[in-house]
Amino acid sequence: MEGHEEERVCGKWRVACGLNSYNLRDVFTWHLLKTIIMGQVLSLLICGTAVSCQYLADAKVETPMLQSFLNYVLLLLVYTTILGTRKGDRNLLQILKTKWWKYLVMGLADVEANYAVVKAYQFTTLTSIQLLDCFVIPVLMVLSWFFLKTRYRLLHFVAVTVCLLGVGAMVGADILAERDQGSTSHVMLGDGLVLLSAALYAVSNVCQEHTVKNLSRVEFLGMMGLFGTLISGIQLAVLETRAVAAITWNCHISMLFAVYALCMFVLYSFMPVVVEMTSATAVNLSLLTADLFSLFCGIFLFHYTFSPLYIISFVVITVGFVMFNALPSYSALPESSSSEDDPAEAFADVTAESPSDCLLSAGKDSQGVETLTAVAAL
């Protein structure tokens with residue numbers, strides 16, 4: 001009887017952690033490998049923006065709003081144009097009539113998040129930015145819990161903790177290597193800007209996940225291009241007119257702007273694909289390695305000091321990312337509510353997926369249903 005009770009307790013813990021009916025073959029799948037590779041491609045693109053920004057800073061060019069504006073213009077020219085040529089209920093005019101204010105909020109959050117984190121480098125240290133920027137992950141999980149009704153298991157929280165330990169190892173390597181930490185003129189202001197940026201990124205990412213999973217990637221990118229161009233254009237005219245006029249334009253400077261804009265455009269175009277496959281939280285965990293790629297590039301380009309802790313950090317973050325994606329999170333959101341504004345979409349969603357199968361991440365398969373059944377049985 002005692003042995004049976006122990007088995008029952010162990011079974012509860014396995015279900016709570018999401019380990020019921022899972023083995024290594026269920027975890028290490030081709031889907032997981034694709035997710036890891038695509039996540040690291042996103043990190044490499046962010047690395048490309050960081051390197052180009054560093055070269056622009058070395059050339060005394062500090063125009064973060066202009067750089068963002070170029071990216072939003074590219075999104076406008078490609079994806080907003082596609083929306084404008086659509087016919088029917090999902091064309092640009094119909095979207096603007098019904099949901100313009102939602103996309104305005106999303107665009108405002110994204111533009112100001114980009115601006116705040118770049119501005120923070122003028123006031124606080126690199127270590128503070130690397131640590132506080134991770135604030136986006138808990139904020140994103142909280143927003144996903146309340147607005148997307150995403151439900152996480154114990155293993156997901158453990159995985160996030162492991163990833164943050166990897167970030168700690170990276171920051172420790174920077175301190176030991178005595179890297180230049182940047183400005184410390186107004187540390188509290190800089191730290192506040194980083195936290196604000198993280199919160200705004202979380203808002204933007206939640207909007208992105210909802211849009212790409214319930215509507216379409218083209219709609220998200222088209223509306224981001226439209227409102228991002230409008231907002232960043234106004235902010236550029238107000239804040240950076242003199243800075244832009246002071247730029248000494250040459251082939252080198254123009255190439256750096258082009259590299260930055262291209263990396264950002266590909267990043268924005270590719271990221272919704274990965275979010276649709278997994279979740280915004282999983283994508284942000286994979287992006288924690290972007291700073292490491294920047295450091296690796298800095299070793300060759302800017303003569304940073306190498307530390308074995310960088311390798312350890314990369315491995316730890318990757319392990320945490322694998323742990324997070326090994327088991328599916330699931331949604332408690334009624335299926336009809338995601339498409340309540342469009343009855344045709346609601347009907348299409350119902351015919352495509354049964355109400356009992358609401359998994360939102362990499363584990364959209366029968367194993368997730370078995371786990372939910374086990375929870376209900378207990």
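Here the Cβ of each residue, glycine as well, is placed from N, Cα and C on the backbone.
Copied from TrEMBL, the annotated features are:
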- 35-57: transmembrane segment (TRANSMEM)
- 69-88: transmembrane segment (TRANSMEM)
- 129-148: transmembrane segment (TRANSMEM)
- 155-176: transmembrane segment (TRANSMEM)
- 188-206: transmembrane segment (TRANSMEM)
- 218-238: transmembrane segment (TRANSMEM)
- 244-270: transmembrane segment (TRANSMEM)
- 282-303: transmembrane segment (TRANSMEM)
- 309-327: transmembrane segment (TRANSMEM)
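Sequence-distant neighbours of the transmembrane segment (218-238) (same chain, 6+ residues past either end, Cβ-Cβ under 8 Å): 65-66, 68-69, 71-83, 90, 92, 95, 103-104, 106-108, 110-111, 115, 207-208, 211-212, 244, 268-269, 272. Proximity of the transmembrane segment (129-148) to the transmembrane segment (282-303) is established through 3 or more Cβ-Cβ distances under 8 Å for residue pairs spaced 6 or more apart. Remote same-chain residues near the transmembrane segment (69-88) are listed as 94-95, 111, 218-219, 221-226, 228-229, 232-233, 236, 257, 260-261, 264-265, 268-269 (criterion: CB distance under 8 Å, separation of at least six residues from the stretch ends). Here the transmembrane segment (309-327) sits apart from the transmembrane segment (244-270); fewer than 3 CB pairs are under 8 Å, leaving out pairs fewer than 6 apart in sequence.
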